[in-house]
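Below is one structure, written out as structure tokens; the observations come after it.
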Protein chains: 2
Amino acid sequence: MPLMKSWVQSANAADHPFPLNNLPYGVFSTDTLEPRCGVAIGNMILDMARAEEASQIALDGGPFFGEPAWNALMEAGPGTWNHLRAQLTDLLAEGSPARDKIEGFLVPQAEARMHMPFRVAEYTDFYAGKHHATNVGTMFRGPENALPPNWLHIPIGYNGRASSVVVSGTPVRRPWGQLKGPNDDAPRFAPSARFDLELEMGAIVGQPSDGPVTVEEADAMIFGYVLLNDWSARDIQAWEYQPLGPFQAKATATTISPWIVTKAALEAFRVPTPAREVELLPHLRDTGPMLYDLDLWVTLAPEGKGATEIARTNYREMYYSSAQQLAHHTTCGCPMRVGDLLGSGTISGAERHARGSLLELSWGGKEPVELESGETRNFLEDGDTLTLHGVAHGDGYTIGFGECTGKLLPALEEPYKRQIRE
Amino acid sequence: MPLMKSWVQSANAADHPFPLNNLPYGVFSTDTLEPRCGVAIGNMILDMARAEEASQIALDGGPFFGEPAWNALMEAGPGTWNHLRAQLTDLLAEGSPARDKIEGFLVPQAEARMHMPFRVAEYTDFYAGKHHATNVGTMFRGPENALPPNWLHIPIGYNGRASSVVVSGTPVRRPWGQLKGPNDDAPRFAPSARFDLELEMGAIVGQPSDGPVTVEEADAMIFGYVLLNDWSARDIQAWEYQPLGPFQAKATATTISPWIVTKAALEAFRVPTPAREVELLPHLRDTGPMLYDLDLWVTLAPEGKGATEIARTNYREMYYSSAQQLAHHTTCGCPMRVGDLLGSGTISGAERHARGSLLELSWGGKEPVELESGETRNFLEDGDTLTLHGVAHGDGYTIGFGECTGKLLPALEEPYKRQIRE
């Protein structure tokens, strides 16, 4: 499918992230408009609350767009998702007779603030990139035990905290935590000195389930995708993660990009998972291409300085798709809900520059990453701004996700409002 | 404090679980009443929705009790919690002039169905009983590595699934899952053969936080407690839990008792945590007695047969209090929300009969538990009804939690609606 032209001229550039082919969903506000649902088209946002009020958008079961979250639309199900996309495509296409009625509901993106695009019901993070798992396993447990015995059989995952998911642009505060370095006799309570990023995709569950679902059913339940940075305190993680997994090390923040790129927009970019090294059990087998060919990269800008690309990889590097992860998530009967967010796991490729975390890029702090400013990084420094980028390259057009960015603020001098007595 | 007498006569028996000293909060319905908030008093439930409508209960910021959840009252904060308890105590006390106006709002418990008493925001499970951690660690990792190095320094916890928390009485379906026994060459997808209970207390977070909180602040944030059974598929857990912790093994269901026993009702039963083997870092130290002297026991009834007490222990056996767990939960800045539920971890004592799971009671299946029916159990069998019980023994009165019960249904013959092709 080539570029679909819109009467919003900025949407028609071959490298613009938000052409008519994309139509991603977000929540925005301006100085005069309260937070509400919006759809990106070129440099503009269509105010869905006003378009719906004016009956330019009309869907059974609505209204959907007055509240500042896309959950109501998700709940309405795939039929309604398709109707909405068809209506938006008609309204915004070149030559649309509705242009006059719609044009007044467009807001320049430059005037908008972005908010969380949906209410996160629960958040699960996976560990489904083989290069990442091998790299981290080698550092934490040695090369013989790098890949755990179960890794090639199930997409390993753990539950995270929905309350800590924030939208792109939210500053992130370096956490204090309990940690014990190799040279420490006893654990200390101190700011994390090994604070890191994880380059991931997030899949948003748009339909509930109550019992085990197949991989095919799971794919149908997914509403869309966002970029996701699972900020990680490696020193806290190393001390706490045995035997029950990461906990506080992952609880400071998880940042997502502000635009939900729908599964429909990504349809043309489906690719299969890599060849299986061990055949999966039937309930987890691929039934079609369920990864996507997405170019992903990370930039790091020290305080007041320019950004350096520190990593570049592709979502097709994952060993398990989000559909496989979601199917595994339900095997024991775990009910899934509208708004559940599944982090893919860190997406690393085979080459050094394709590694999706500083832990891997600097190999645990032993091989510093060089920045264009002349500085180096083993882990993140106060004031660093970290940004994830993602695009799919179509035939004369681009599907972009918008930036997933956050600036690291220094740790609080005293984490407790009330002093704790020694 | 002795028994406080009520004009509801059944509440005045020394061994009744719901005297005026208790006043636990639940959500109930009857054949004619939709689910709504209620307060247990003796054998009756005070219909809070009608009492509030009739202005017999009057709290600033209300109405609170029409919706089928106690979250709105929790959000109102400790001042309102105290006002409510004071009003209820006045209304229901012997000699209350309001008796005539209130009596019509009492519903016999025998006619009521109980529902989830609150909306669970997120669910976290801890591993904070030392006897349990030592027992399980010995079985999973050998006696030398029984207690992980971090165990005496932090209350180990992991995030669970709020969507799988159910109220007492809900049947639980034996799950399928991926597992690999010691004699299996490869993993299999099969029903769990080692399905188990975990006897725990659940602490309900009644106030939000946005940054690290002290142990004292954490104690003030807790609204109340329930009994909690964290059903666990041990064979699935053994295969999946490394390196990132339990996932599907704990996702089938977590059952809670229907009545929230408030912190105020438990005030007289506070006891300190056991002596510290290693001094805790200052931010996790006890600042007062924050455990409770609660007699806890478990009964198991095979299908169609009588129940046997299989374990008896006490909440004071915990090494960490819920307040310490909550404080630890916030160290990295993790925001806590109204309705968060914290499982204490399995509560086991030193003696065999004081072990809070079948895994421990049968020592991994090697020492079967004998039932009064003549049967034995290593793990749960289809049709078994498992019930947790808990009471605090006061001066001439009892504070009860109500039962936390669930019956184990057999696994589905085919877990997928649509057959998966081999």
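Numbers here mean position along the shown chain, with the first residue as 1.
Glycine is treated like the rest: Cβ placed from N, Cα and C.
Annotation source TrEMBL lists domain 'Fumarylacetoacetase N-terminal' at B:21-117. Marked as domain 'Fumarylacetoacetase-like C-terminal' by TrEMBL: B:124-404. As annotated by TrEMBL, Ca(2+) binding site applies to B:D125, B:E198, B:E200, B:D230. Taken from TrEMBL, the feature substrate binding site applies to B:Y127, B:R141, B:Q237, B:Y241, B:T346. Summarising the annotation, TrEMBL assigns active site, proton acceptor to B:H132. Among the features that TrEMBL reports, Mg(2+) binding site is placed at B:D230, B:K250, B:T254.
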Same chain, |i - j| six or more, Cβ under 8 Å of B:K250 (Mg(2+) binding site); the result in sequence order is B:D125, B:G160, B:R161, B:D230, B:W231, B:S232, B:A233, B:Q237
Where B:R141 (substrate binding site) falls in three-state DSSP terms | helix
Among the binding-site residues (B:Y127, B:Y241, B:T346), which are close to chain A, meaning C-beta separation under 8 angstroms?
-> B:Y127, B:Y241
Sequence-distant neighbours of B:E198 (Ca(2+) binding site) in its chain (C-beta under 8 A, six or more apart) = B:N229, B:D230, B:W231, B:S232, B:G343, B:T346, B:G356, B:S357
The rounded CA-CA distance in Å from B:T254 (Mg(2+) binding site) to B:E200 (Ca(2+) binding site) is 10
Work out the three-state DSSP category of B:Y241 (substrate binding site).
-> coil
Which listed residue (B:Y127, B:Y241) has most other Cβ within 10 Å, given these are binding-site residues = B:Y127
Here the Cα-Cα span from B:E200 (Ca(2+) binding site) to B:R141 (substrate binding site), rounded to a whole number of angstrom, reaches 23
Pop the Cα-Cα gap between B:R141 (substrate binding site) and the residue listed as 'active site, proton acceptor' into the table, whole Å please.
-> 14
Using DSSP, break the domain 'Fumarylacetoacetase N-terminal' (B:21-117) down into helix, strand and coil residues and give each count.
-> 37 helix, 22 strand, 38 coil
